[in-house]
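All remarks here apply to the structure that follows.
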Amino acid sequence: MAITKKKLVVYTFTLLFIISYVHCQSTSASSPGFDNGEVCKQFKFNPCERGGDRGCTVFCTRKLFTRGECRDEGCWCCPSFDIGESCQGFKFNPCERGGDRGCTVFCKRKLVTRGECRDEGCWCCPGQV
């Protein structure tokens, strides 16, 4: 039984599809130590070793998060939300080029479910899309 080109191509693409699907599945959970249930992100680089909470906050601000906090596991970057409206505006404004879709993509990278363009710029809001 010979392996034809067609079977080899199908097998290769199937294998690549399965590997990319398994590799790209992201999981998020509430990080320890944050009491309002917001989703935070930990990076491999740990600015807490040299800069403490201030270094962590500066690092997180450069990553377009609003705050950072040093925990036992390292530096955690979090979007903090206003209690009244539960949305947060960011300095970077993807609305100028991408509109609402660009803002939503930007917010999802910040682990927030939706984004909307307002006069002030891109606002990331938790909740249903």
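Here the Cβ of each residue, glycine as well, is placed from N, Cα and C on the backbone.
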(request) With reference to Swiss-Prot, specify which of the listed residues C122, C124 is paired with C103 by a disulfide. (result) C122
(message) With the disulphide bonds as Swiss-Prot has them, who is the partner of C107, out of C95, C117, C124?
(response) C124
(message) Say which of C56, C60, C117, C125 is recorded by Swiss-Prot as the disulfide partner for C87.
(response) C125
(request) Please name the cysteine among C75, C77 that Swiss-Prot pairs with C56 through a disulfide bond. (result) C75
(request) Could you pull the disulfide partner of C70 out of C40, C48, C95, going by Swiss-Prot? (result) C48
(message) So C95 is in a disulfide according to Swiss-Prot. Which of these is its partner: C77, C78, C117?
(response) C117
(request) Using Cβ-Cβ distances, find the residues under 8 Å from C107 (disulfide bond) that belong to the same chain and are at least 6 apart in sequence, listing them in sequence order. (result) T113, R114, G115, C122, C124, C125
(request) Out of C56, C70, C75, C77, C103, give those disulfide-bonded residues positioned within 10 angstroms of C95 (disulfide bond), comparing C-alpha atoms, in sequence order. (result) C103
(request) Can you tell me which disulfide-bonded residues out of C40, C56, C70, C87, C103 are within 10 A of C77 (disulfide bond) by Cα, answering none if there aren't any? (result) C40, C56, C70
(request) May I ask for the distance between C70 (disulfide bond) and C56 (disulfide bond), taken between their Cα atoms and rounded to an integer number of Å? (result) 7
(request) Starting from the Cβ of C60 (disulfide bond), draw a 10 Å sphere and report how many other Cβ atoms land inside it. (result) 23
